[in-house]
Each structure stands twice: as C-alpha cells, then as structure tokens.
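One structure below.
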Amino acid sequence: MNLIVDVGNTRIKLAVFDKNRLLEIRIADSFTILETLKQLKLDYPKLNLAIVSSVGYLQDKVLQYLGLQFELTILDNNTKVPFTNLYATPKTLGIDRIALVCASVQQFSQKNVLIIDAGTCITYDFINKDNEYLGGAISPGVRMRYEALHNQTANLPLLETEMPIQIIGNSTIGSINSGIIYGVLNEIDGIIEQYSALYLDLTIILTGGDANFLSKQLKSSIFANSNFLLEGLNYILQHNTVE
Ligand SMILES: Nc1ncnc2c1ncn2[C@@H]1O[C@H](COP(=O)(O)OP(=O)(O)O)[C@@H](O)[C@H]1O
Ligand SMILES: CC(C)(COP(=O)(O)O)[C@@H](O)C(=O)NCCC(=O)O
Ligand SMILES: [K+]
C-alpha cells in the first residue's frame, strides 16, 4: 500500500492508494502532519511505501519519521521521469509540476496536454504529443489575490472566496469578488485559447484546491480532477520502486 505526501505552499495532502485505487485523502499542515501520519499508519497497517513531493515547508522530523516507518522515495529534480524535459532551468522546476507532467504521461500519452493547477499559485504546464515538456506559466492563486489586495492596501478587507453575482461589482465586496474571480476565469480561458491556437487537438486538465470551484464557470471544455497530482505521485512511486 502506498502513502502519497504532497506538500504544497498552503496545505499538505496525504493520500492512501492500494495499487491504483485511491482509498482516502487527509489534509494536514505543518503543525498537524506528524499526528496525521501516525494515525494513518494505525488505520492502514499495510502502508509500506511512501513518496514525498514538496514545494513547501516540511520539518526534518517529519522526513525522519517517514524514512523510519516507510520505504521512502523523495521526489527531486534528479528523479528519473518518463518524459523529455525541455525546461531551460530543470533544476528550478517545481517538484509538483514534475509530478503533474508524470500524471499526464500516464493518463494522456501521445496527446498535447495543458495542465492547470489552481493551488497557492496557478501553474500552467504543457507537454506535447511527442512526450516533450516545454514549460508553461506561474501566476498568483485565488487566495493569494484576496490576500494581496488586503495586505497591500489601506482599505480593502480580507474576504472569503465567493463567486460574484454579476460582472459589474456595485459594492467593495462585489468589486473585489468580480475582479479576482472573473480575473482568474478570464485568465484561464484566455491562456487556453492561446494554447488552442497553437495546438488544435489540446487536452486540458484542471486540478488543485480551486479546481472544482472554478471548473463550472469556465467557458473552455476541460477535465476537472482534484486528485491529478496525487495520481501522478502514485504512478512515480509504483514505477521507481519494486515491491
Ligand atoms: N479548505 C481549504 N483550505 C485551504 N484552501 C482551500 C480550501 N478549499 C479550497 N482552497 C483553495 O485551494 C487553494 C490551495 O489549493 P492546494 O491545491 O491545496 O494548494 P497547494 O498545493 O499550493 O498547497 C487555496 O489557495 C484556496 O484558494
Ligand atoms: C510555482 C510553485 C510555487 C507552485 O506551488 P503551489 O501552488 O503548488 O504550492 C512551485 O511549483 C514552485 O516552487 N516552482 C518553482 C519554479 C518553477 O517551477 O519554475
Ligand atoms: K499550483
């Protein structure tokens, strides 16, 4: 049984897979991670393999615990990957983006795929049908936009994420929600349109913490899959480790 540890900049996602079957996801942060891991080990005594992908903060004691309790793979920029990486700075490419491209190779091989991960940041990653990863884009995520407006002004409140009722915001709250949410939706639709002009047969995946919230409102036709990164990590784990 496999334990997947995805450390993002906002949340830590822990997933249990039995071969390719996702059994459960638990959410943690850097304060609760050790407790959550110990409980998972109790609940799933058959967990033996683990993989960590981190672009965020993970304490050494958590890594030590994982190393003691599991046969541990740590994904880094030297891990063998099943695609040709044409990023000009492969050593600085986000580990989460590498895992997303692995998931794409596994699930959509020989297709032009644009993966959009709406998490702390919104990342765009493109892999062509010749199995070459070309790169993409990084922009601020939904919560980051709310926080930036609040932190960098004197008068703007910090709001909860909320779908605006109309494009014309007729109050401060309405204007902020409209600016952020329609800003993100139009950014995503616009970027999809630009890629679609370059690649006629384009498969689009939307994932990350805001995927479900955003997917219903997008004009473009996309596959929304919140678990895409976890599936990619499980694939890497199964292909780098022999049980
Ligand atoms: N319960 C939640 N807790 C935190 N963020 C959430 C939650 N539900 C949705 N979100 C949104 O998801 C984003 C985090 O997505 P996630 O993919 O977990 O990010 P990361 O991998 O960067 O940690 C937040 O920025 C927020 O906009
Ligand atoms: C862009 C990111 C901060 C996204 O992080 P996330 O939103 O998943 O928490 C991460 O992929 C990262 O640190 N990337 C390094 C720079 C690069 O990919 O080129
Ligand atoms: K992201």
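All positions are counted from 1 along the displayed chain.
For all residues, glycine too, the Cβ spot is worked out from N, Cα and C.
In this structure, T10 (ATP binding site) belongs to neither helix nor strand by DSSP; it is coil. Shown in sequence order, G56, G119, T120, G141, R143, G209 are the residues of the chain, 6+ apart in sequence, with a C-beta less than 8 angstroms from the C-beta of T10 (ATP binding site). For D6, V7, G8, N9, T10, R11, I12, K13, T120, the entry in TrEMBL reads ATP binding site.
Secondary structure from DSSP puts R97 (substrate binding site) in a helix. The number of other Cβ atoms within 10 Å of the Cβ belonging to R97 (substrate binding site), over all protein chains shown, comes to 23. Sequence annotations record features per position, and here TrEMBL assigns substrate binding site to Y87, G94, I95, D96, R97, T172.
Sequence-distant contacts of D96 (substrate binding site), defined as residues of its own chain at least six apart whose C-beta falls under 8 angstroms from its C-beta, comprise D6, G8, S53, V55, D117, G119, T123, L229. The feature active site, proton acceptor is assigned by TrEMBL to D96.
The annotation K(+) binding site is assigned in TrEMBL to D117. Its Cβ placed at the centre, D117 (K(+) binding site) has 28 other Cβ atoms within 10 Å.
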- Query: Do you know which of the binding-site residues I12, I95 has the most other C-beta atoms within 10 angstroms of its C-beta?
  - Reply: I12
- Note on the structure: With the fewest other Cβ atoms within 10 Å, the residue among the binding-site residues T120, T172 is T172
- Message: Taking ligand 1 as the reference and 6 angstroms as the Cβ limit (strictly under), which binding-site residues among I12, Y87, G94, I95, R97, T172 are close?
- Response: none
- Message: Cβ under 6 Å from an atom of ligand 3: which of these binding-site residues qualify? The list is I12, I95, D117.
- Response: D117
